[in-house]
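Below is one structure; the comments refer to it alone.
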Amino acid sequence: MSRKLIKYLPLLVLASSVLSGCSNNVSSIKIDRFNNISAVNGPGEEDTWASAQKQGVGTANNYVSKVWFTLANGAISEVYYPTIDTADVKEIKFIVTDGKSFVSDETKDTISKVEKFTDKSLGYKLVNTDKKGRYRITKEIFTDVKRNSLIMKAKFEALEGSIHDYKLYLAYDPHIKNQGSYNEGYVIKANNNEMLMAKRDNVYTALSSNIGWKGYSIGYYKVNDIMTDLDENKQMTKHYDSARGNIIEGAEIDLKKNSQFEIVLSFGNSEDEAVKASIETLSENYDSLKSAYIDEWEKYCNSLNNFNGKANSLYYNSMMILKASEDKTNKGAYIASLSIPWGDGQGDDNTGGYHLVWSRDLYHVANAFIAAGDVDSANRSLDYLAKVVKDNGMIPQNTWISGKPYWTGIQLDEQADPIILSYRLRRYDLYDSLVKPLADFIIKMGPKTGQERWEEIGGYSPATMAAEVAGLTCAAYIAEQNKDYESAQKYQEKADNWQKLIDNLTYTEHGPLENGQYYIRIAGLPDPNADFTISIANGGGVYDQKEIVDPSFLELVRLGVKSPDDPKILNTLRVVDSTIKVDTPKGPSWYRYNHDGYGEPSKTELYHGAGKGRLWPLLTGERGMYEIAAGKDATPYLKAMENFANEGGIISEQVWEDTGLPTDSASPLNWAHAEYVVLFPSNIEHKVLDMPDIVYKRYVAK
């Protein structure tokens, strides 16, 4: 497509590469900017994020390439740069037409299959076959280990007719710096390579192809973007080269030139950085780029414990997902998930999703690293937590990777978890900066918590009290190692006192379920037998506190605070199983609690603040850990978690009752993957590997 050039800018790039010494450096780039036809009728309609049902997630296993990608519905979904909490892309997908009679969107109109390059890498092959049997698109997706570039090699095949019967288009939806609105798009030619650029503030993206574009257009979402144009006209009729608003960048692939091609999306903090990365990545040998990406991940996996050869693909995939969830600037900041729950119904007002740091989730991730033998990663997470302790001695409910609070609830288990982790890692050097401030805060605020671990309601929670007792016991030991004997005595006395109060504060003997005796989810008053109503979040309703049960009470056993054969534990197990357990075709799982509203109302409705909570696979793992503590076999629960994983080896936050398949909740949920990683060797060794032994010895083995 011929275009008039109205701006010519020769650009000299002084830096030779992101990594010194890499090949195919570009020292001088000539940039011509097109600025002929701006899109009209902006700024475009409001957009959403992508589905949270991820088929894969990935990044280079190093601190140099700061790009993370996700896959959903057979296409690239959210991509993050330069930090793991900053999404810049909603989606990159293909659209197929015959130019006259049909339009086929690969994310809606194909059957998508995902394969890993190897069991020990986070590189993916997607095979999308048209539901009507007309075409197939095969894609390989990974990142450049030396640059801030996402690479996709694609192949289009005609299953009906010939390639010349089809037109292939690419749609790129930028959501730069967690915002879909008011992004700027424009077109340049750099060293004779046409690139679709997008920018917001100091973040730039450059989309390019090794065979160029047959045509392109930048339009406003649902006004005149490429998808709207194709729906109306079956081929590209709009040819805009700039727009500012809620934009979609579109391009036509010249199938006559080649049906197999490479697409590169590069990032930078300036236009020249993004353009340079794109040119350098395209100039590299594709197979070499792919091999380098695979080699980094395989080297990591081969460094992990393999448990005498028993380690399986889900174990390795879980460890890679956890490893990939660390920010590369703020080291040790492991987010909860590379997803936005129910993202296809969430807009710009949901900037955080689950790509934030929770102290609780990070604790479980660190325990997985310890179990797998990656103690360095666990230590980095603890060092990070020490940096986010606030002046009042507490860690926020969750934070951006910078440590800036996102939500502001106070959860005392999130204060205790880093103390337990410090004990497990023997990090007595963090006493003044982490352990003591958190322990003092727990004593000041507890045992009543502002929110329990489901982040919804305050009161006296058996799970939170288990964490408080375990945390203070560990804090007492660490205080002794630092010769702070006065604090050590204070912490241990408080732990002993609260351990004795757990039953009085959280165990009802007059409940309406089963025989009436069990640990309740949470007591709003310091009397679990009181007639006191609590409000269930997310539209769950209002109920007497004695009506609600939760598997979280098993933390009493997991953390060594109660014996697994304590009659009160056994009583509650029976009540929980009869009330909130479901046997799915893939294995058993549990609701967080009865009347939970955090989930889709139905399979045809997204969650928008009220619904029905579904089953949580991580609770299956927690039950397995209890069975091990009780001297039993956890294999059925381990297998259930394996069955809950999707084709890409990803475990979601929630699954459907009738199928055991993922809902549109967060996926992957790192907490669930961490649970699987710890359960796997615990079942082999017949021992709860993340139980703090000092707590167990004091309260159970005495």
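Keep in mind that glycine also has a Cβ here, set from the backbone N, Cα and C atoms.
Database features (Swiss-Prot):
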- Glu452: active site, proton acceptor (ACT_SITE)
- Glu455: active site, proton donor (ACT_SITE)
- Trp342: substrate binding site (BINDING)
- Cys22: N-palmitoyl cysteine (LIPID)
- Cys22: S-diacylglycerol cysteine (LIPID)
- 1-21: signal peptide (SIGNAL)
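Taking the features listed in Swiss-Prot, we show where each one sits on the structure.
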residue	record	CB count, 10 Å
Trp342	substrate binding site	25
Glu452	active site, proton acceptor	24
Glu455	active site, proton donor	17
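Between the residue listed as 'active site, proton acceptor' and the residue listed as 'substrate binding site', the C-alpha separation comes to 23 Å. DSSP gives Glu452 (active site, proton acceptor) a coil state; it is part of no helix or strand. Cα spacing between the residue listed as 'active site, proton donor' and Trp342 (substrate binding site): 18 Å, rounded to the nearest whole number.
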